[in-house]
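Only one structure is covered here, and it is reproduced in the block below.
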């Protein structure tokens, strides 16, 4: 009975991860786009990244405390993971820097790309994840998966050539400050960093019995100083003259919480969900965002963008199609080997 209950809980957790990840991806793409294109004073994106990391850290520490249910045990666990320096700590140090850079790049790309093109292009992280898994994990890809990767690149290229429009009002107001090339380059680098970080974090989570929330607390504890330093270096003058919370309102606070929730959810998905669930969630998020953009942003979906999105979505399903009569486990066993 215990085993059955465990299987039921795992199934429920995967289903919940699917629905939540789909909703979060859809809302985040639309919300980030709206936050960078709406009327009114523009908030400083780097401060939002810092606030996101702070919320993630507080939430993770609280969840770790809930796991221990004892202050002394909680404090000892934190000391063992945060104070003593080892190879495990150094890997999280590198990952924290990667995630800070990635988050800042996503805000830049959201300022220069429409919501659908932004999300379609960001699917290149699947390509980088696959290529890095071959290099780092010595994983063998099926022929159908290589075909899917080619379709992914073609689909993203077509989507970039679409020249989609978000309506005359936003185009006239924001055209001077938008550059699709800058947006594409930003999301391209973010895709590579996402693929690299995703592989390493997945290896760390699945090769260890340490809880997801403790791992998330480790990463966030190290990424917070990097985020703060990046903010000071890139936007020092803006912060000094305009103030840390310049341009903030309830919507920006919602966006920060949504971004923090997404970061924590990604850890949960990497630990418990599989690639098929991720593919479904990502694909549905693209479709939902495209449909919502029509009503929210007066977005006109062109034939090229529709074709590109269809190729990207199709490639995701093709890549995640399991090999017949074959179970392909993860190829790594020792995180120390990376």
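Glycine too: its Cβ is placed from the backbone N, Cα and C atoms.
TrEMBL labels come from automatic prediction, so no person has curated them.
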Worksheet item: Of 18-35, 144-161, which span is tagged transmembrane segment by TrEMBL?
Response: 144-161
Discussion item. Cβ pairs under 8 Å only, please: of the recorded stretches 42-66, 78-100, 144-161, 217-236, 248-269, which one is richest in them relative to the transmembrane segment (181-205)?
Written reply: 78-100
